[in-house]
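*Asks:* One structure coming up, written as structure tokens, with questions to follow.
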């Protein structure tokens, strides 16, 4: 673990108490950004206590989005925040779950690696967790480890025991514990209660971990006497009781935490000095957020509209593009599982169809695509959104009867979308998890295409996550009717990009551009989309004369 100046990496462990979803991931990302702004090299990791091997097969309604890394990892959404805040690419080795730990453990036991010993949680499970924490520091000065779940959860105990052991082995000079809790506001008088924080710290201390810094989540800072109360009863320095206040934009968090000296206290704990952080780029982002003057409404048509964590990277990518273009993005969420009505779409300036799986809500997405295509509304389709754009075009323009995807109907007459050739089911067990095309891929764009103009290049790299693709047998017939396939994969010859050149702005991509957008470098595809949404709105190019009722969806009869 040697790094600059011959020192060892310092470890920052971020835990959470009272309730989940308090913002541990954003706190960890903010700490990373602040230390980075002081000239240090950081690496961030997430340890999840659930028994799934990875989040790839988990419902977004329960877990939120699956963030895909360059090397093909299906990881927790917090890794997306780590990348957006620090600009440091994460890998599949930066996210571990209890399921993956037990998978490794049982494989070792079957091989006989434990030489007849009784395999137990301690030391065998904890040793594997510790090995993950200490591995692959890549020359980082600080490794920030977020522990998923809440103190008190049974499944979290092996992870908490592991970080306790790391602290014991490396000494306090190389580890620090940051604990995030909730200070709820109770009653009509708005009284802030510190007792849940005290109980959470008591629970953590009973496991052998004494937090060094307490971040309390609250709508407003505590009065000095209540902050002192937390310090006294939680055995923490008063300077280390730091507010984690509600903010309008997550990109205000590093500035806010620095104002409350979080990074200063961390460095003080380690006895380290450093220059003041250069937060200019963060100040610039906040200025852009506050200075957006133009407003556009973009409809996102999806089936997880009540669980917005399912679309975290997507909405952030829209915001990045908007803030750099002086445009405020208003998202109109449309649940595709419900009947999508014309009234859901008539007042929007752009339509975005995100990725997804399964036939639930497909008809609503196809109807929205057709309405956007027919009425000149800018449309961006991602992953399944691109596949459905091809199906909608086949049904309503090429007039191909029963055009569909074999994902939804294996017996359809015109399978526009089919399973990837190398994934098609053969004999033996079919594994759903970890069996998709994943990670960074190289794509070649047609030189005269709109998308090549957007990227400023004919060769791009993007991250993908899919099991189905456009059927190459239908490429010619769809092109004959006006649909252009302007991007192909470099290695497999798959259709990766489509566009409708007769339309003001209509692009579908098989990959996930949202995973590579940041507040400091918005993704060019989202920037082009958002800017064209505004321009087309201002110029009045959208006519909206074609009724949604005229759009055929999969399973409809084709009218010649």
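Here the Cβ of each residue, glycine as well, is placed from N, Cα and C on the backbone.
Got these off Swiss-Prot a minute ago, pasting:
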type	residues	note
ACT_SITE	383	active site, nucleophile
ACT_SITE	512	active site
ACT_SITE	514	active site
BINDING	20, 153, 154, 155, 193, 194, 195, 196, 197, 198, 229	CTP binding site
BINDING	20, 193, 194, 195, 196, 197, 198, 229	UTP binding site
BINDING	21, 22, 23, 24, 25, 26, 78	ATP binding site
BINDING	78, 146	Mg(2+) binding site
BINDING	356, 384, 385, 386, 387, 407, 467	L-glutamine binding site
DOMAIN	297-539	domain 'Glutamine amidotransferase type-1'
REGION	1-272	region 'Amidoligase domain'
*Asks:* Taking the Cα atoms as reference points, how far is residue 146 (Mg(2+) binding site) from residue 196 (UTP binding site) in Å?
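*Replies:* Per the Cα atoms, residue 146 (Mg(2+) binding site) and residue 196 (UTP binding site) stand 21 Å apart.
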*Asks:* Going along the chain, which residues six or more apart from residue 22 (ATP binding site) have their CB under 8 A from its CB?
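*Replies:* Listed in sequence order, they are 16, 180, 181, 182, 217, 244.
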*Asks:* Beyond the listed site residues 21, 22, 23, 24, 25, 26, 78, identify every same-chain residue whose Cβ lies within 8 Å of the center of their Cβ atoms for the ATP site.
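*Replies:* Neighbours found: 16, 27, 28, 146, 180.
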*Asks:* Round to the nearest Å and give the CA-to-CA distance linking residue 78 (ATP binding site) with residue 20 (CTP binding site).
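*Replies:* Residue 78 (ATP binding site) and residue 20 (CTP binding site) have their Cα atoms 13 Å apart.
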*Asks:* If you count, for each of the binding-site residues 195, 229, the other Cβ atoms lying within 10 Å of its Cβ, which residue has the minimum?
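*Replies:* Counting other Cβ atoms within 10 Å of each of the binding-site residues 195, 229, the minimum falls on 195.
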*Asks:* Could you work out which of the binding-site residues (78, 146, 407) has its C-beta surrounded by the smallest number of other C-beta atoms within 10 A?
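*Replies:* Least crowded of the binding-site residues 78, 146, 407, by Cβ count within 10 Å, is 407.
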*Asks:* Restricting to the chain of residue 193 (CTP binding site) and a gap of 6 or more, list residues whose Cβ falls under 8 Å of its Cβ, or answer none.
*Replies:* 183, 184, 185, 186
*Asks:* Over all shown protein chains, what is the count of other CB atoms within 10 A of the CB belonging to residue 383 (active site, nucleophile)?
*Replies:* 21
*Asks:* Out of these binding-site residues, 194, 198, 387, which one has the fewest other C-beta atoms within 10 Å of its own C-beta?
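*Replies:* Relative to the other binding-site residues in 194, 198, 387, 198 has the fewest Cβ atoms within 10 Å.
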*Asks:* Give me the non-local Cβ neighbours of residue 24 (ATP binding site): same chain, 6+ apart in sequence, Cβ-Cβ under 8 Å, ordered along the sequence.
*Replies:* 14, 15, 16, 78, 146, 147, 148, 180
*Asks:* Can you name every residue in this chain, apart from 356, 384, 385, 386, 387, 407, 467, with its Cβ inside 8 Å of the center of the Cβ atoms of the recorded L-glutamine site?
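*Replies:* Going along the sequence, the neighbours appear as 355, 357, 383, 388, 405, 417, 466, 468.
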*Asks:* Taking the Cβ of residue 512 (active site) as centre, how many other Cβ atoms lie within 10 Å?
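*Replies:* I get 23 for this one.
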*Asks:* So among the binding-site residues 20, 25, 197, who's got the most Cβ atoms within 10 Å?
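*Replies:* Counting every other Cβ within 10 Å of each candidate, the maximum falls on 197.
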*Asks:* Counting every protein chain present, what is the number of Cβ atoms, excluding its own, within 10 Å of the Cβ of residue 467 (L-glutamine binding site)?
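*Replies:* Result for residue 467 (L-glutamine binding site): 14 other Cβ atoms within 10 Å.
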*Asks:* Provide the number of Cβ atoms within 10 Å of the Cβ of residue 23 (ATP binding site), excluding the reference atom itself.
*Replies:* 20
*Asks:* Rank the binding-site residues 154, 384, 386 by how many other Cβ atoms lie within 10 Å of each Cβ and give me the one with the fewest.
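*Replies:* Checked 154, 384, 386; of these binding-site residues, fewest Cβ neighbours within 10 Å: 154.
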